[in-house]
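Taken from TrEMBL, the feature transmembrane segment covers 36-56, 77-97, 103-123, 135-154, 174-196, 203-231, 243-262, 274-295, 301-322.
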Amino acid sequence: MEGGNSPNLQLQQLPLATAAVSVQPHTDSFSYKENLIGALLAIFGHLVISIALNLQKYSHIRLAGSKDPRAYFKTKTWWCGLFLLVLGELGVFSSYAFAPLSLIVPLSAVSVIASAIIGIIFIKEKWKPKDFLRRYVLSFVGCGLAIVGTYLLITFGPNSHEKMTGENITRHLVSWPFLLYMLVEIIIFCLLLYFYKEKNANYIVVILLLVALLGSMTVVTVKAVAGMIVVSIQGNLQLDYPIFYIMLVCMIATAIFQATFLAQASQLYDSSQIASIGYILSTTVAITAGATFYLDFTGEDVLHICMFALGCLIAFLGVFLITRNRKKSVPFEPYISMDAMPGMQNMHDKGIAVQPDLKASFSYGALENNDNMPEIYTPATLPIVQEQHGSKGVSLPPYRVLEHSKKE
């Protein structure tokens with residue numbers, strides 16, 4: 001009897017031994033369907049976001065080039081772009097509830113591809129076929145590489161799924177791999193923030209690393225919040241768990257600080273550099289966070305992991321080529337010679353010229369700051385000499401301009 005009951009005892013103890021691990025790597029075809037649903041939602045969301053941003057940009061450009069006195073928020077085009085932007089963000093948000101985080105994050109390359117295609121279609125200049133191919137060959141190659149990389153990401157992406165319940169998220173939050181990862185990330189973030197604020201290390205890599213570190217926490221919390229909402233809609237209410245509101249607050253806070261650092265980077269560097277470097281850094285850090293927190297690659301074989309990494313590299317290269325081909329704007333800085341204008345006595349204050357050279361902290365009279373220009377482009381100032389006037393009661397200008405003779 002004991003020998004006959006031993007298999008039953010083993011079968012009864014098996015669920016207890018595996019209850020702690022709820023991550024199920026590609027056990028059935030339904031998990032692949034969830035991956036496909038999440039990937040399609042992410043692609044749709046990023047595509048709609050790209051169209052929305054271009055619509056809003058078109059609205060601003062059309063108002064700037066016309067005599068229409070209306071504000072931009074009173075135009076139908078801008079509101080249509082805002083509606084599509086909200087719709088796209090909802091699509092990306094909901095995609096995290098179906099597919100693993102490491103699969104959804106790299107799919108943001110779709111927005112870069114869509115922006116490049118929209119920019120080429122709606123371009124206003126007329127180009128000859130040879131000039132067109134020469135100018136946009138890198139964009140075509142980059143779009144092709146990004147599409148190939150996206151296909152590899154969807155095909156060989158991680159396929160681990162678990163229900164986003166309050167117990168599972170709390171268990172992941174207090175696990176030692178994630179706590180160790182958080183400790184390392186906090187140390188790196190504090191060091192970068194110290195060099196950025198105290199040492200004035202305004203390098204693009206430093207700023208975008210700060211954005212990437214904050215963004216990794218944003219996507220981790222987004223997946224938790226979206227997953228718990230979907231589970232609640234399915235009938236198992238999860239909104240009464242405190243971990244839901246903790247994740248919600250962290251999601252909002254990290255998103256706000258991430259947008260702040262991104263705005264600072266956009267003031268210092270070109271948007272094409274921010275798009276390429278930011279995509280590479282944010283995707284790498286976010287995949288690391290997803291693999292640590294949600295154990296996305298648990299049970300995956302070496303082939304799938306290598307092909308997924310290859311897809312990421314190809315997508316990185318495609319995005320780099322697309323943004324590399326964008327034409328950089330060269331600011332025009334017209335310096336106005338106030339000394340040549342009659343009656344402008346306010347340009348001198350007690351014999352001191354107001355307009356500084358370009359070695360100062362700002363450029364007076366310039367449209368944009370450009371402190372890195374060579375000294376040869378420094379605007380020349382005429383020497384000013386303060387004279388002691390007599391008491392004849394005649395009001396003379398408080399300055400005199402010396403004319404250089406040929407002997408000098």
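Along the chain as shown, residues are numbered 1 onward.
Glycine is treated like the rest: Cβ placed from N, Cα and C.
Quantities reported herein were computed from a predicted structural model and do not represent experimental measurements.
Per-stretch counts of Cβ pairs under 8 Å to the transmembrane segment (301-322) identify 135-154 as the leading one among 77-97, 135-154, 203-231, 243-262. The stretches the transmembrane segment (174-196) and the transmembrane segment (135-154) do not meet in space: the count of Cβ pairs below 8 angstroms, excluding pairs fewer than 6 apart in sequence, stays at fewer than three. Below 8 A, the CB atoms of the transmembrane segment (203-231) and the transmembrane segment (36-56) form no more than two pairs separated by six or more positions in the chain, fewer than 3 in all. Highest Cβ pair count under 8 Å relative to the transmembrane segment (274-295), across stretches 36-56, 77-97, 103-123, 135-154: 103-123.
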